[in-house]
Amino acid sequence: MCTTNTLCHPAGGYKKIFETCEELNEPIPAVVVGVIPEWLSGSLLRLGPGLFEVGAEPFYHLFDGQALMHKFDLKNGHVTYYRKFVKTDAYVRAMTEKRVVITEFGTAAYPDPCKNIFSRFFTYFKGIEVTDNCLVNVYPVGEDFYACTETNYITKVDPDTLETLKRVDLCDYLSVNGVTAHPHIESDGTVYNIGNCFGKNMSLAYNIVKIPPTPKDKSDPIAKSKVLVQLPSSERFKPSYVHSFGMTENYFVFVETPVKINLLKFLTAWSIWGTNYMDCFESNETMGTWFHLATKDPAEYIEHKFRTSAFNLFHHINSYEDDGFIIVDLCTWKGHEFVYNYLYLANLRENWEEVKKAAMRAPQPEVRRYVLPMDVHKVSVGKNLISLPYTTATAVMRSDGTIWLEPEVLFSGPRQAFEFPQINYSKFSGKNYSYAYGLGLNHFIPDRICKLNVKTKDTWVWQEPDSYPSEPIFVQTPDSVEEDDGVLLSIVVNPGADQRPGYLLILNARDLTEIARAEVEVIIPVTFHGMYKP
């Protein structure tokens, strides 16, 4: 049943965004429809999978395809499009050996069939070869740009030529097993991130790390990174999967979900033929979800025990402080079952009726606001501690000393997710704000761009039939005063178009009306995250 506000996709055009494409030898000109604002001069950089099989061997999961970097350059009203594969170890070795050589998120690499049993046996005990397939995001560190996934490897890239410059192993500088693809970056260039690590007595913990801005001597800031503060894990050998975290002016917010990595499985998996990362996830069905707080300066863990019911979390929208409370806005998925179980390529390439059926079984999306009280010392058990007038979220002290949180729902539609959230980051990250922009997922298929007023819950939508957009990036108008004075940039694919099926879409962030589009003669596969570089 397709209501007026949700599109259906019986033609299955979305399957085209999960297909291999070729890189380009040089930037290609786009045909501009509409007028691009004069002030909009820069590059939209985005990452996603571009190679979905190597020879006869397929990649199985959405997060396995080899990293392809995309760039739309805007200058004087003209636009070009360019793309290159990131020359990671995973990619170069796969190309050389014409097979999957390094295990990806949901695809296992098998030993080289040409080797004999003894050399294969020894390959197993060389330790785990972790992937450097940086298909998730790109962000600035000092004056450099790094493409990343969620492992310990990040890859330095040239944002102009899209050349791959060098691989960096964060383990050389920091005690972390990996960091997220969603760092927080302050206006001075300081980068904060979080990753799990082995803490005291081999027990697990989460480290918040800091990379300083470029030093005066122009040396590499990564060499000066350090762990700021350690947050405890709810389970000794099973860290939670962490994809992003929250940061206000004075606090870090970490949400520990019931989706767990079974480390013992992970460490033994690579000695068992055919195991991948997805095989090492499990759900803790009893813990619910835990919120952790730490102060930024001095960096110290706060012992308050915030608890709520189980959900998956990939993306924080924003967090801020108000009158002794911390407001945390999240894109959640209800329950403890791992949402990534539904993101195998076979599921996403199904016909529309099958795609809908799978999404019926999956955890349901909801945008939620949680409010954490800072002053919890002298309170009576059973009383709501939240006194902010504008939210219905509650926090109740229980007799065991834990504080039970119930959210305010900001947006909820059955199998309609508001995901890949973006805000006016440079001005409103960590501050009281009004607007979030997101990619609308319809039964996991991206088919609209949304704007949400988090104060009034009003929504705006851009969508066109058989068109599949990407995460909208907000770019603020120079000298703007209003929070939503700017444009949204999104890469859209209309696979059924007679000509120029891929385009850069430029929307007015105020009301999501179209300002311009820049169309190219190629299909552009799915992208996850990216940035605008002025």
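Positions of Cβ are set from backbone N, Cα and C atoms, glycine also.
In TrEMBL, annotation is done automatically, which means it is predicted and not curated.
Listed in TrEMBL for this protein:
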- His182, His243, His315, His529: Fe cation binding site (BINDING)
*Tell me the Cβ contacts of His315 (Fe cation binding site) under 8 Å, same chain only and six or more apart in sequence, or just say none.*
His182, His243, Ser244, Leu330, Cys331, Glu419, Phe420, Pro421
_An 8 Å radius from the center of the His182, His243, His315, His529 Cβ atoms defines the neighbourhood of the Fe cation site; name the other residues of that chain inside it, in order._
Val136, Asn137, Thr180, Ala181, Ser244, Phe314, His316, Phe420
*List of residues, in chain order, with Cβ under 8 A from that of His529 (Fe cation binding site) and at least 6 apart*: Arg46, Leu47, Val136, Asn137, Val138, Ala181, His182, Phe420, Glu471
*Packing count at His243 (Fe cation binding site) (other Cβ atoms within 10 Å of its Cβ)*: 19
*Tell me the Cβ neighbour count for His182 (Fe cation binding site), meaning other Cβ atoms within 10 Å of its Cβ, over all protein chains shown.*
20
